[in-house]
Amino acid sequence: MLSARAAAASPLWKRGEGGSSGSGSGCTSCREVRRRAAAVRVRAAAPRRVEAVAMESAAETEKEEEVAAAGGGVEDMATEEVPVTPWAFSVASGYTLLRDPHHNKGLAFSEKERDAHYLRGLLPPAVVSQDLQVKKIMHNLRQYSVPLQRYMAMMDLQERNERLFYKLLIDNVEELLPVVYTPTVGEACQKYGSIFRQPQGLYVSLKDKGKVLDVLRNWPERNIQVIVVTDGERILGLGDLGCQGMGIPVGKLSLYTALGGVRPSACLPITIDVGTNNEQLLNDEFYIGLRQRRATGKEYHELMEEFMSAVKQIYGEKVLIQFEDFANHNAFDLLAKYSKSHLVFNDDIQGTASVVLAGLLSSLKVVGGTLAEHTYLFLGAGEAGTGIAELIALEISKQTKAPIEECRKKVWLLDSKGLIVNSRKESLQAFKKPWAHEHEPVTTLLDAVQSIKPTVLIGTSGVGKTFTKEVIEAMASFNERPVIFSLSNPTSHSECTAEEAYNWSQGRAVFASGSPFDPVEYNGKIHVPGQSNNAYIFPGFGLGVVISGAVRVHEDMLLAASETLADQATQENFEKGSIFPPFTNIRKISARIAASVAAKAYELGLATRLPQPRDLEKYAESCMYTPVYRSYR
């Protein structure tokens, strides 16, 4: 008797165009495998006795045997009280192929493929190109007036036809980036319980303590290169969304593939569910996570330790673990603890810092001077603020050869209690202490601006409308070209809008934001605001880590990424008011960033893929996943 599992694993079944790159599939004897697998019968509990039958005799059996021979029937015949074994087999042909997102091509299957893979009759007669499919879906997406509807349509497409999803995203990146990423992903996380359809990643909860390795083994892929993990405590500027923060890892990894070319099968989204302190979610009947208060202290760190150890055990030392949207009190501790033993990267601390530093380096070509000649004031002293501040100080130190402690004095931070100064040092959290400088106490942003007279104002507070008219007018009063970065996400939490920045500075501001804003006309001139989006950095950074086989992340790799991105902005961008290059070139930009990051990894002795390729940029491009349909044999 042939079991379903044995039938699926039979040597008669061979994947063509195979491998882990998500390519096409074929078979050498599909008809035989289909015959044998469809003949599988599972022995159910008495009194019903089910026996295996051959496909050839299926037409001569009773009706219920016909159902079973077709590959099912056991569940149909059993009552709810009788347990059944959920046997399944996978053959990349026919109805199964059309529901396999990794290999489905929809109406793009050719006539030859339809015959070879038993698709005749399962599809309408028309054969269309992938480009026409993209055109049709974009037409449909544009009919939706609600961004969340577009998000859900995109997620449905990803679950149905993976290559078409990435082709669509790559070809229309500027239009669709706000749909699959900020700002729409924030609303998606808030409503994730209501829109949840099927899992797109792994959920590790407190219930899994002691069994985390087993949970990771449940994921079907083994060659994982990038993991994005969150515990959902600080999702964008929206706060604690618990288990529903899964939208962030899913969205980030879709960009790793679309913008950075990392294979979809090599990406793994993970949510660590330790509960939530969000009362609204705890009382929401549709909430999908643990209904308990968020675990802290020993219980929390034991689960994280088990998780980090399990990841290393099952995926090896060279898997990049990206921490995403952890609260401040855990983010800094986790990064400091595991950066010595794992390949870890915190996008909120390091990714945001890298892209903002790139924007500052680029803005110098507009406002003049060196990085060390400017003065920086931050509204917000959390992960993003202190991470950006530290990278600015490191770059100044690199350029001037001055000690990092001296370079930090060019950077001022203001938190909810006011300017961070020496007199507050004893009460400050550890990550804020390096930014306590000698100055009288100041409680408001306007007073800080008027006192310090910064040339660069950066908002990472997560609080909207805090860059008031008075603040921006003050910046414009002593700066010919004030640099204003309003970085908080989503759009409703932005410190100011592009229109406000340009209008209140008489069109003189060099502006960038975290969320996208439309172009603004002021005195007859069109200003195109730059978006200081982490998506410029982390996909290329991750690709560089992967192609070099790096085992640790070094701060110099972040500086290399920033400098490379800054070099991509052109005079044409500056004339339009943008200090970042357009996203239409993002895959080329990512390849260049990857090459710079990989080169630095080799230089620092952190790379393991030897020998080093002669042309790292060409090598990076050759490693990038492309979503064009494969031909099946």
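Each residue, glycine too, has its Cβ placed from N, Cα and C.
Those TrEMBL annotations? Automatic predictions, nothing curated.
Annotated features, as they stand in TrEMBL:
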type	residues	note
REGION	1-29	region 'Disordered'
DOMAIN	158-339	domain 'Malic enzyme N-terminal'
ACT_SITE	Tyr181	active site, proton donor
BINDING	Arg234, Asn489, Asn533	(S)-malate binding site
ACT_SITE	Lys252	active site, proton acceptor
DOMAIN	349-602	domain 'Malic enzyme NAD-binding'
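Annotated features, which come from TrEMBL, shown on the structure.
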| residue | record | contacts (Cβ under 8 Å, 6+ apart) |
| --- | --- | --- |
| Tyr181 | active site, proton donor | Gly251, Lys252, Leu255, Asn533, Ala535 |
| Arg234 | (S)-malate binding site | Asp240, Asp325, Phe326, Ala327, Asn328, Ala331, Asp348 |
| Asn489 | (S)-malate binding site | Thr182, Pro183, Gly186, Leu236, Gly237, Gly514, Ser515 |
List nothing but the largest Cα to Cα distance in Å, as a whole number, among the residues Arg234, Asn489, Asn533 that the record says bind (S)-malate.
18
The domain 'Malic enzyme NAD-binding' (349-602): mean pLDDT?
95
Counting every protein chain present, what is the number of Cβ atoms, excluding its own, within 10 Å of the Cβ of Asn533 ((S)-malate binding site)?
27
At a 10 Å cut-off from the C-beta of Lys252 (active site, proton acceptor), count the other C-beta atoms across all protein chains.
27
